[in-house]
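Asks: So Swiss-Prot says this about it:
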type     : residues                                              : note
ACT_SITE : Glu200                                                : active site, proton donor
BINDING  : Tyr96, Asn140, Ala141, Glu142, Asn199, Tyr261, Tyr365 : substrate binding site
DISULFID : Cys205-Cys206                                         : disulfide bond
DISULFID : Cys267-Cys316                                         : disulfide bond
CARBOHYD : Asn156                                                : N-linked glycosylation site
CARBOHYD : Asn374                                                : N-linked glycosylation site
CARBOHYD : Asn403                                                : N-linked glycosylation site
CARBOHYD : Asn625                                                : N-linked glycosylation site
CARBOHYD : Asn763                                                : N-linked glycosylation site
CARBOHYD : Asn780                                                : N-linked glycosylation site
CARBOHYD : Asn917                                                : N-linked glycosylation site
SIGNAL   : 1-18                                                  : signal peptide
Amino acid sequence: MKLLSSLALAALAAQVSGAAISHKLDGFTLREHADASKRELLQKYVTWDKHSIFINGERLMMFSGEVHPYRLPVASLYIDVFEKIKALGFNCVSFYVDWALLEGKPGHYTAEGIFDLQPFFDAAKEAGIYLLARPGPYINAEVSGGGFPGWLQRVNGTLRTSIGDYLKSTDNYASHIAKTIAKAQITNGGPIILYQPENEYSGACCGYEDFPDGSYMQYIEDHARDAGIVVPFISNDAYAGGHNAPGTGKGAVDIYGHDGYPLGFDCANPSVWPDGNLPTNYHTLHEEQSPTTPFSVVEFQGGAFDPWGGVGFAKCAHLLNHEFERVFYKNDFSFGVTFFNLYMIFGGTNWGNLGHPGGYTSYDYGSAISESRNVTREKYSELKLLGNFAKVSPGYVVANPGNLTTSKYTKTADLTVTPLLGESSSAGSFFVIRHSNYNSQASVKYQLTLPTSAGELTIPQLGGELTLSGRDSKIHVTDYDVAGSNILYSTAEVFTWKKFDNGKVLILYGGPGEHHEFAVTGASASSVIEGSSSGITSKKIGDALVVAWDVSSKRRIIKIGDLKVFLLDRNSAYNYWVPHLPTKGKAPGYVSKKAIDSSIIVKAGYLVRSAFLSGKDLHIQADFNATTPIEIIGAPSSAKNLVINGKKTKTNVDDNGIWSASVSYSTPEIHLPSLKDLKWQSIDTLPEVKNSYDDSAWTSADQPHTLNTAHELQTPTTLFSSDYGYHTGTLLYRGHFVANGKESIFFIQTQGGSAYGHSVWVNETYVGSWEGSGSNDNYNATYTLPSLATGKKYAITVVIDNMGLDVNWVIGQEGMKNPRGIIRYNLAGHDASAISWKLTGNLGGEDYRDTVRGPLNEGGLYAERQGFHQPKPSTKNWDSSSPFTGLTKPGIRFYSASFDLDLPSGYDIPLYFNFGNSTAPPDAYRVQLFVNGYQYGKYVNNVGPQTSFPVPEGILNYHGTNWIALSLWAQQESGAKLNSFELINTTPVLTSLDKVKSVDQPKYKSRKGAY
């Protein structure tokens, strides 16, 4: 561990005075001041002041996006996501760790294979991305239990408090995960620069009054420090509440941060921006709550979740689109945010039952990078404009935010301007303009009156007016430094600038139909060296050359001394990329002034991942979804050849030194199997309803008391599944009784989370189902029973679809302890105690059998308990029948088939399994989709909305055999079948991505003790 020397440690201990906190670290005792704002640093790499974070002594704007490694279980695809984030101009990624996946059994921590975090850390380092680690223990994250393993339902104590045994239950996980993270800190050459203890520790209810509990937070922080965490602690208050900010005493973090989801989650109305939802007081609150730390928004809305029965993530992407980014993100910039993390930048998939019941399999989130990892959403391109601007604008980081005004800088109250002023008139200032009614769709003409080093100027100076279109916002700059050239002002926005061997380049852009103006101090003349001069005028005013221009879809370049100004429309700017050009090797390295200065500008299409120089060859690694013209702006003088994705490419060089080339794209031939024509084999996966079924191997539900402290029993023995170690997937119950002839009805209340369902049989007679809805997490059902023979033994079989455990966002509410299973029941003519119950879930419960795919992937269906969802199941005694034929009565059937793929190499080809439904109203049935043993889809036909399930390469074998399996659960008298089920692809992307490695896919083998 590259920590402090023993001498430095001793000196540090001697320096700290007052009430102190002790940590054991590498054999030394460290004592920290209880007040985080007065602590000495434990390392020298990551520091901060009121403006920003410093890394290795260099002040940085941290632009970050949220990625969850557990939602993409293919390690060789991590680099793809990181490179796409790096290409945005970002320099950081935040990630959660899901405790429930790593300690499925109390005391048994395992983080191997797809759950190993080291490949994630390695990919971040390779891409040059810093990391913020957020291991909880509580994470929320729309995962089952908010990241809590199901066995916490049995913990005697209040979750997320010091009450009872909760904190003790976190010890094993907390120490293991913190040690893993500690090894990957920047102090050890790793990418991790910040650590967040707990998550959104921001509110309590239900009689819990000791909030916020500094001792509770301190316990979590101590665990991290004791395990070797030396990077700064940062928080993410759910709102700007000041909880655990520096100076608040025990449990205070080093850097205070908060979240913001101001537009909400109404994806059903994607064009509606409600009045009053734009934050206006973030800076004021920051100055009140944590003025000595950089303003940090640790989660800001990058998309939205969508519930069962929702409208789908396409509409969420529309709600939180490029217009949202322009208005809301620039508004955050107006407050001087310098740690800015977007939740999510890539959402991924809730595979293997890892999601909470409020969401379905997809966790696309409407984010900039889609679930299938494509970057075709306009919001990705818009974000690239802002990310690259932030990267080349060091003056922004130290500018001082002022108060918003509708009169000081413009003459119309329809517009609001918030200034970020430099320390002096020549230090560079930024002015964020938006509609006063932020949701206005009107187009407003305006002029600006701005302070500059040349005095106060009214702009445009050469006539005309500026325009702010509806749902738009701009950042105007004054005294903006471009490698020694002073841009006195620019009304057009800056994308990037660079100083090259042959001069400087500045790229400005504007919206369609806009008029803009910029001025360059000390310049006297300009010339248009590319494109038409129509719509461009210039004039020397005072010591500056003023240039006015009308936005055009055709690029113009103006030369002013050694400065070339590229004038673009916004859509054209989307095609520009600014990859770092490392001075040695291929890896781009982390962001630094040196890395920024050595970058080149590439005009391309779909994606530019990276660039590097090898001898006289300039290499560009890029992806293409169409034939694309390429331009290199600022190629090093030592470069003589252009190599794109390993192929030397013919180039032309124009009079301005711009290299041009072209990459041809042709759609490859892709042959996908017809799933309807596969050789399907099937088996009844509900043998439990047969009179001959023997459930003697099942768990007896005979505990007279529940260990769940949040819910009282309403049954003679507990039927809460987690009391018996079953926390995931389908649950089955069998209740045995002797009939007395009075059994006219059966009442049952079950609980399984949103969109869950249940079905009930008495012996082999189907009596009914709750088909599910997006709004019910439990249901009371009363069923009429057939006449039963007095004195005969009967079994009631209840199948319950567990949709995941609830999150525990509000302390004291104990949402995670909401049980799954049977809550209460009544059989007419019998006392409740007359029924003796057995239950099962996944085979082994917490002693789960498939340690490769983890503790949540399997549920309790017979086929799952046997392992038939894995590749090459034993189908000797199965039937030859297809899910397209399905069932003719209520029940559950399991289907398995295989197919081969041999897809073209060199392409990233997104594949989807699509379910179709042509009936109205929709038939009531449920399907689980397993791909090579991984549950990669949970489809509820009558609830929705998800019908298309992307499965990444690595789970699917693109060059080999694949096994798919389906469980088809019919919840209606007529049975169910699949009307349509297809494997489809979207546009193949010609890619420079390295070959994707398939994850471990253990094949079926007979399971000892399976029943």
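The backbone N, Cα and C atoms fix where each Cβ goes, glycine too.
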Asks: Would you mind pulling the DSSP three-state label for Cys316 (disulfide bond)?
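Replies: It is helical.
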Asks: Taking the Cβ of Asn403 (N-linked glycosylation site) as the reference point, list residues of the same chain whose Cβ is under 8 angstroms away and which are at least six residues distant in sequence.
Replies: Thr418
Asks: I need the nearest neighbour of Asn917 (N-linked glycosylation site) among the recorded positions Tyr96, Asn140, Glu142, Glu200, using C-alpha distances.
Replies: Glu142
Asks: Distance check, please: Cα of Asn763 (N-linked glycosylation site) against Cα of Asn199 (substrate binding site), rounded to an integer number of angstrom.
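Replies: Rounded to the nearest whole number, the Cα-Cα distance is 47 Å.
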Asks: Nearest of the recorded positions to Tyr261 (substrate binding site) by CA-CA distance, picking from Asn156, Glu200, Cys205, Asn374, Asn625?
Replies: Glu200
Asks: If the substrate binders are Tyr96, Asn140, Ala141, Glu142, Asn199, Tyr261, Tyr365 per the record, what's the largest distance between their Cα atoms, in Å?
Replies: 20
Asks: What does the structure give for the C-alpha distance between Cys267 (disulfide bond) and Tyr365 (substrate binding site)? Integer Å is fine.
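Replies: About 10 Å separates the two Cα atoms.
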Asks: Reported as an integer number of Å, what is the Cα distance between Tyr365 (substrate binding site) and Cys316 (disulfide bond)?
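Replies: Distance between the two Cα atoms comes out at 7 Å.
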Asks: Work out how many Å separate Glu200 (active site, proton donor) and Ala141 (substrate binding site) at their Cα atoms, rounded off.
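Replies: It is 11 Å, counting Cα to Cα.
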Asks: Under DSSP, is Cys205 (disulfide bond) part of a helix or a strand, or is it coil?
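Replies: For Cys205 (disulfide bond) - judged by DSSP and reduced to three states - the answer is coil.
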Asks: Which one of these recorded positions, Asn140, Asn199, Asn374, Asn763, Asn780, has the sparsest Cβ neighbourhood, judged by other Cβ atoms within 10 angstroms?
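Replies: Ranked by other Cβ atoms within 10 Å, the recorded positions Asn140, Asn199, Asn374, Asn763, Asn780 bottom out at Asn780.
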Asks: How many Å lie between the Cα of Asn156 (N-linked glycosylation site) and the Cα of Asn199 (substrate binding site)?
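Replies: Per the Cα atoms, Asn156 (N-linked glycosylation site) and Asn199 (substrate binding site) stand 22 Å apart.
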Asks: How many Å lie between the Cα of Asn780 (N-linked glycosylation site) and the Cα of Glu142 (substrate binding site)?
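Replies: Glu142 (substrate binding site) has its Cα 26 Å from the Cα of Asn780 (N-linked glycosylation site).
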Asks: Can you tell me how far the Cα of Tyr96 (substrate binding site) sits from the Cα of Cys205 (disulfide bond), in Å?
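Replies: A Cα-Cα distance of 25 Å.
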Asks: For Tyr96 (substrate binding site), what is the secondary structure by DSSP, using just helix, strand and coil?
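Replies: Note: Tyr96 (substrate binding site) is in a strand by DSSP.
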